[in-house]
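These notes are about the structure you will find just below.
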Amino acid sequence: MKKFTTLLAMAFIALMSISFTSCDDDSDIAYTLDGTWKGNMLVEYGNHNALYSVIRFDQNDGIYSGTGYWIDYFDRDYWHGNNYIANHITWTVRNRNIYITLLDEGSDVVIYDYVLWATASSLDM
């Protein structure tokens, strides 16, 4: 009986460590996001593809969330005489997904299955 209790306790500990991993991953992702990111997000408005996007994540509302802005840049004047579309955002990380609300458009975006990296030329040294 003692052996069974020990095995049950070990299984419970293993199960609990797996269930807490997601929370730790989410806080790590939110911490990593904090700052300004630039890249091609494959954004399309109508028949126009954005050249690149700049997203600012400010981790100021909590461990997994914050505010910021998202700007999509185009190769010519596209939006009311501008070559960009800008939105204020709120964001949160949950289950490794990044949930973003575009406040000015009133729409939501989910970023999943992504990779975060920086190049040496983009780092301030």
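Using N, Cα and C of the backbone, Cβ positions are placed for all residues, glycine too.
Database features (TrEMBL):
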- 33-114: domain 'Lipocalin-like' (DOMAIN)
Secondary structure tally of the domain 'Lipocalin-like' (33-114) (DSSP, helix then strand then coil): 1 helix, 49 strand, 32 coil
Within the predicted model, mean pLDDT of the domain 'Lipocalin-like' (33-114): 90
